[in-house]
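Working notes, beginning with the structure itself.
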C-alpha cells in the first residue's frame, strides 16, 4: 500500500483526490493540507510515499513548497497537479525537485498513471513538455523564452498575487518578506515585461490570472 499526501487549497479538489485514490486498491490517501506551511508540518509526521502538490496555494507557493520538501526529504517523490500551463510552470516544478507535472484538466486515468510512474522512480511529463525540454537540451529550442518565462520563480509568484488583487503589504506578509523586497520584485517585473507603471502591471497580471482560471 502506497500512502499519498495531497496539498491543494480547494476542498472540492481534495475530496476529488480522496475519491480517485480510494478506488485504487494499492493506494491510500494518508493526509491532506490546504497550505504549504500545514503540509510541511503534517508530512514530517505522516511520512507519505508520494506528495501531490498544486502550484497556487495561500501563502507559500507550490514551487517554494517543493524546494522545502526536497531540502527536508530529498528522496520524497513529488507530483504536481495544477491548472497552470505546463509550458510556464512545468520546467520550474522539475527544477524545484518535482518528478512529474499533470494538468488538472487531464482525465483521472492520466493522473493515476502519473502517480504510479513517479512512485516507481520515474518521471511523468506530457509529450509537449518532453519535446520542449528535449529541444532545449539539444540546442534546437527557442533561444529566448516567452515574456513570463523570463521572470524568476519569486517574481512570477508576486505577479500572480498582484493579479489576484493583493496589496503590496498583503503580498509581503504572505511571502514572509519585507514590503521593500516586494517593491523590488515589482520593479524587476516591470522592467522584464517592459511595463511603465503599476496600473499597467496590475492590468496585465489580472488578465493573466483570469486566463489561468
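Going from the start of the chain as shown, residues are counted 1 onward.
Using N, Cα and C of the backbone, Cβ positions are placed for all residues, glycine too.
Source: prediction; values computed, not measured.
Here TrEMBL flags 3-119 as domain 'Response regulatory'.
Reduced to three states, the DSSP call for residue 54 (4-aspartylphosphate) is coil. Annotation for residue 54 (4-aspartylphosphate): same-chain Cβ neighbours under 8 Å, separated by at least 6 residues, are 7, 8, 9, 10, 13, 62, 80, 81, 82. The 4-aspartylphosphate annotation in TrEMBL covers 54.
Marked as domain 'HTH luxR-type' by TrEMBL: 144-209.
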